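**Student:** Please find one structure pasted underneath; my questions will follow.
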């Protein structure tokens, strides 16, 4: 009976939009995750049909059980493969079996169909999620992409090489490819199951949708950096950040739910993550000026959202449900904006990724637009020029994802960074004297370089080396801010000095006045 009780509990939480089905199932620590996930998804798919059967037979009144428990029991009894429980519950349901089956038969006669599947709407008969590829992220903390490919090939999978266009991800059978955007991602045919695979159990691979891999990939924190994952559980993005950082640096991860954090701790342990510092804490109560966060320069913020991008959460809502969802969206957007504003308060923050698994503009572009108005010191960074779906205008620097255009679940990603001009101001306060001695022309050159760097040119995620190069350009020192004229004068002085060493004493006497002038120029 534990299976049905847990499935009913998850359905209730999904209805309250507390989290996605997958998150709730994996957080449940149920012994047979695959069985639980299948029961919840199938019950949810047939929800309206089950509701009608239960109401027409007055099952709740006669059994005194709650609606979601009734749904999972009725599903397995009359649509699924039979009840997987015994005792009093099975005896109770078997008493009503014939009436429940008769109600289902009447529905099929009324709609002139012969199969249970045909009672579903066309969108539910062919759910988009069933057509999505299986994405497998290679955990580079434990293995390499090449070794993972060799392992799968030895198991009979056929590697077709690197994908170069979206159509290459439409795979069948045991074929797989390397993803065209993310180098550590392998792509298999839909419904390929790895939950019992050795590489999954050992933490060498992570089962993660491609869109969910984007936030850590685009944030791209350098090795050794201090990074903060604001709403971290269940932990896939956290483990991805640790892999990008090569387990070097500090990775602060927060989540308010203790059970989710416990599950996350287990996941990170299996993934070989060692640089993490977990905290069962509300991110909004974290002090940005706390001494332990003084070096945090990168933040990943993936706050609670409607989950409307998750294919298995989509259903046909009633008018009253739509009104309720509208109010909930407004509350979620206010919470998300609060989280975003709070994250931007960390004093040394340079880059922040904001992401949701939502398709609603209220949680995506509208939140980002409001944040930018309230935080003029930050700007959007253009992302992945080759990505096929952009944010809604005018925020086209952001990314969107969908089942049709990117072959993923619905998703949204924005990358914010502190203005280069503001970074220069901070640098100026630390190196006031060298900058004060710069010529006006030098300052103008630097300003023009900043404008070029901060323009609309698309920026790919940058490597550590490129980060250092950009930092040198954005934070000029006394050495690298010499103008071309200064360099020419220096070269001339070196040549003069060498020539003087070869002059005779008489020539030195005759040209003493000229040498004196050169000396004065050198002092200047």
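Each residue's number is its place along the chain shown, starting with 1.
Using N, Cα and C of the backbone, Cβ positions are placed for all residues, glycine too.
Predicted automatically and left uncurated, TrEMBL annotations should be read as such.
I grabbed these lines from TrEMBL:
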DOMAIN    124-419  domain 'SAM-dependent MTase RsmB/NOP-type'
BINDING   231, 232, 233, 234, 235, 236, 237, 255, 282, 302  S-adenosyl-L-methionine binding site
ACT_SITE  357  active site, nucleophile
REGION    428-524  region 'Disordered'
COMPBIAS  470-481  compositional bias 'Acidic residues'
COMPBIAS  493-506  compositional bias 'Basic and acidic residues'
COMPBIAS  514-524  compositional bias 'Basic residues'
**Student:** Within the chain of residue 235 (S-adenosyl-L-methionine binding site), which residues six or more apart in sequence place their C-beta under 8 angstroms from its C-beta?
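**Tutor:** For residue 235 (S-adenosyl-L-methionine binding site), the qualifying residues are 253, 263, 264, 265, 267, 268, 271.
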**Student:** For residue 231 (S-adenosyl-L-methionine binding site), list the number of other Cβ atoms lying within 10 Å of its Cβ atom.
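**Tutor:** That number is 21.
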**Student:** Out of 233, 237, 282, 357, which of these recorded positions shows the lowest number of other CB atoms within 10 Å of its CB?
**Tutor:** 282
**Student:** Grab the S-adenosyl-L-methionine binding residues from the record (231, 232, 233, 234, 235, 236, 237, 255, 282, 302) and give me their largest CA-CA distance in Å.
**Tutor:** 19
**Student:** Roughly how many Å separate the Cα of residue 237 (S-adenosyl-L-methionine binding site) from that of residue 357 (active site, nucleophile), to the nearest whole number?
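**Tutor:** So the alpha carbons of residue 237 (S-adenosyl-L-methionine binding site) and residue 357 (active site, nucleophile) sit roughly 13 Å from each other.
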**Student:** Measure from the CA atom of residue 357 (active site, nucleophile) to the CA atom of residue 231 (S-adenosyl-L-methionine binding site) and give the result in Å, rounded to a whole number.
**Tutor:** 13
**Student:** Just to verify a number: CA distance, residue 357 (active site, nucleophile) to residue 282 (S-adenosyl-L-methionine binding site), in angstrom, no decimals.
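**Tutor:** So the alpha carbons of residue 357 (active site, nucleophile) and residue 282 (S-adenosyl-L-methionine binding site) sit roughly 20 Å from each other.
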**Student:** Mean pLDDT over the domain 'SAM-dependent MTase RsmB/NOP-type' (124-419): what is the value?
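**Tutor:** Taking every residue of the domain 'SAM-dependent MTase RsmB/NOP-type' (124-419) together, the mean pLDDT is 93.
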